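Some features that TrEMBL has for this protein:
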type	residues	note
TRANSMEM	B:6-26	transmembrane segment
TRANSMEM	B:33-54	transmembrane segment
TRANSMEM	B:60-83	transmembrane segment
TRANSMEM	B:90-113	transmembrane segment
TRANSMEM	B:133-158	transmembrane segment
TRANSMEM	B:189-208	transmembrane segment
TRANSMEM	B:214-233	transmembrane segment
TRANSMEM	B:240-258	transmembrane segment
TRANSMEM	B:264-286	transmembrane segment
């Protein structure tokens with residue numbers, strides 16, 4: 001082993017609540033190179049790097065810094081070893097100035113002198129470092145007044161001034177414009193040329209092709225391969241990133257004849273500051289599952305919120321054919337029309353955790369008078385219906401119907417949501433990442449329900465960041481990028497072409 | 001004429017407890033801990049001050065013991081909000097009621113109630129004390145003159161030292177402070193104890209130096225006014241000092257009105273602090289100026305998250 005390895009991880013694994021985020025991951029980055037860590041959302045890139053930064057403790061495997069074995073007790077210790085990570089969500093104190101924020105972070109470096117003097121010295125250091133790497137930052141500016149790109153530069157200055165030699169950037173270009181991203185990546189390439197090790201966590205193919213010296217591809221918690229990006233074709237990189245169809249999970253066959261249009265979305269646009277949705281059009285027909293694929297953060301959550309009636313500032317039309325605009329309907333009207341919503345945040349948006357399972361089930365029908373008039377609640381009727389639904393939808397782990405819904409595991413909570421939403425035959429199903437975090441059996445149960453709804457003539461919209469899921473379920477697939485549907489595919493669809501649309505669109 | 005002179009002259013004595021309590025609250029709240037227990041801690045300081053004077057016979061010892069007592073009682077509050085992460089509003093209210101009972105009990109059991117103490121002699125700041133009308137403003141006891149010094153030290157510590165910077169970081173964004181290796185709970189504990197000691201001093205000022213005796217529940221709502229004052233002053237110590245003078249001025253007016261023959265129901269006097277507090281809250285809410293100056297993490301317990 002040569003002395004040029006900055007970081008070496010071998011056989012690292014990490015489990016969160018029974019979900020294996022990392023399984024036997026191996027990674028080596030050398031001094032003087034920009035090393036990209038490429039993969040889809042949830043591939044385990046951030047988890048792996050959080051282990052290097054000392055935020056998570058690994059469950060197995062070993063970590064070498066500069067070819068010495070180390071065990072990190074926390075982020076402070078990682079910083080002492082020269083590891084600096086710029087997180088996707090910045091850790092800055094907004095009312096403070098740039099200099100104050102950087103001074104805060106220098107705790108592990110012994111500096112003496114009066115506060116005023118230290119602050120002045122830090123200010124000088126910031127100016128010097130900023131000039132050297134070509135950042136235009138006023139050390140006396142308050143963080144709250146800076147743009148996102150400027151805040152990111154502050155984060156980079158922060159780790160550099162704390163003495164980082166190994167720089168980890170977690171999705172640094174996600175929040176930047178093209179120009180800003182180019183400037184940033186050119187700068188970090190400069191660090192590598194001066195001998196530092198730069199690790200670039202990203203899901204953008206372009207970043208990798210243009211700036212990385214090496215790329216390690218991750219998929220489902222495993223490091224798939226490490227190679228030089230110019231040694232392979234883009235198609236090969238995409239194939240490694242999105243993978244082949246997992247065995248035993250074939251794509252939806254296609255060839256179905258969809259029914260009448262049911263939901264027509266036209267020119268949906270975010271009216272807030274960030275253009276999360278930027279003129280999205282789509283038509284959803286009865287008797288089909290329309291899958292929305294795409295890299296996370298391209299407006300999927302905003303679309304789901306707008307359609308499900310979760311507050312979201314949008315303009316444009318979301319027309320239920322023959323009924324009117326979805327935005328004008330209150331919850332009761334939505335129920336009457338047979339609109340079923342399965343939000344991504346099942347504990348936060350779909351269930352009332354502290355209420356009982358029976359109460360959660362009854363919430364959907366409480367207005368109908370089925371469980372008594374407003375001054376009297378027929379708990380016996382509620383419990384009878386809930387018991388029937390729990391049995392029919394196979395909700396496991398129910399010791400009593402009076403047990404709190406929050407105590408249900410992810411998969412069973414999701415089954416309870418579906419049991420309630422499907423208690424009347426739905427006309428339109430809106431599902432956002434319905435199988436996220438569920439095990440294989442629960443996932444299959446959820447999918448079976450969605451297919452059954454479609455076969456009964458409902459229009460089903462499936463928004464998922466998991467391409468496998470979309471491929472397996474959808475009759476038609478729309479690829480979402482930068483707030484719009486940029487490509488549509490009918491089954492049988494070409495996985496490579498979808499992957500390309502997901503990452504290559506500008 | 002004499003009415004106005006003595007009104008102006010009495011104002012500092014009424015203002016000091018507000019000022020010290022507000023400063024203590026600001027120090028605690030800058031760390032992100034919502035402190036509503038001021039009324040209770042002032043009572044602790046008040047009874048401890050009298051008790052210590054009656055025991056040791058030294059005013060200085062009495063004031064120091066008052067600060068210690070309030071600091072020790074605040075450890076209970078710290079245990080509730082930092083370690084057990086009980087709702088900070090409820091913890092603060094419980095602290096007030098607990099201290100009301102505790103101080104009444106202690107004062108009665110020890111026989112400290114209605115025992116007069118001598119206080120401190122007034123010092124005239126010559127030649128200011130010879131000015132017409134406002135001269136009596138500059139004839140006060142030593143502690144009154146120390147208040148601006150205490151404020152100066154506190155402002156300097158908060159804004160011009162590294163521990164002060166860290167304290168404010170903990171109150172604004174504990175996650176960022178934690179990532180920078182700052183012990184969040186340690187700083188919050190220190191802020192609670194130091195702030196509470198100042199609040200205790202405010203209470204002792206009332207009992208030992210102003211009223212010169214202990215009566216059960218003698219702070220009569222001043223702790224709540226201090227809470228309102230902090231909001232009114234937007235967590236700025238200097239504005240709080242100015243506000244304390246204003247409130248002290250209003251409070252000093254009431255005995256003057258009574259002396260001039262205007263009949264005021266005692267119940268109106270009892271109600272006044274709460275009415276003022278309510279009024280300030282409504283005014284701040286109606287002014288609708290976004291409370292940018294409020295510490296960002298005020299009232300939020302800190303929990304380190306394994307997974308973000």
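Cβ from N, Cα, C; glycine included.
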Ask   = Same-chain Cβ contacts of the transmembrane segment (B:240-258) under 8 Å, 6 or more residues past its ends?
value = 3, 6-7, 10-16, 18-19, 22-23, 26, 147-148, 151, 225, 229-230, 232-233, 264, 269, 272, 276
Ask   = Given the transmembrane segment (B:6-26), which of the listed stretches B:33-54, B:60-83, B:133-158, B:214-233, B:264-286 has the most Cβ pairs that are under 8 Å apart from it?
value = B:133-158
Task = Six or more residues out from either end of the transmembrane segment (B:90-113), which same-chain residues have a Cβ under 8 Å from its Cβ atoms?
result = 34-37, 39-41, 43-44, 46-47, 50-51, 54, 73, 76-77, 80-81, 213-217, 223
Ask   = Out of B:133-158, B:214-233, B:264-286, which stretch touches the transmembrane segment (B:33-54) the most, going by CB pairs under 8 Å?
value = B:214-233
Key: Remote residues contacting the transmembrane segment (B:214-233) - C-beta distance under 8 A, at least 6 residues beyond either end   = 17-18, 21-22, 25-26, 29, 35-43, 46-47, 50-51, 96, 100, 103-104, 107-108, 112-115, 199, 202-203, 206-207, 239-240, 242-244, 247, 270, 273-274, 276-277, 280-281, 283-284
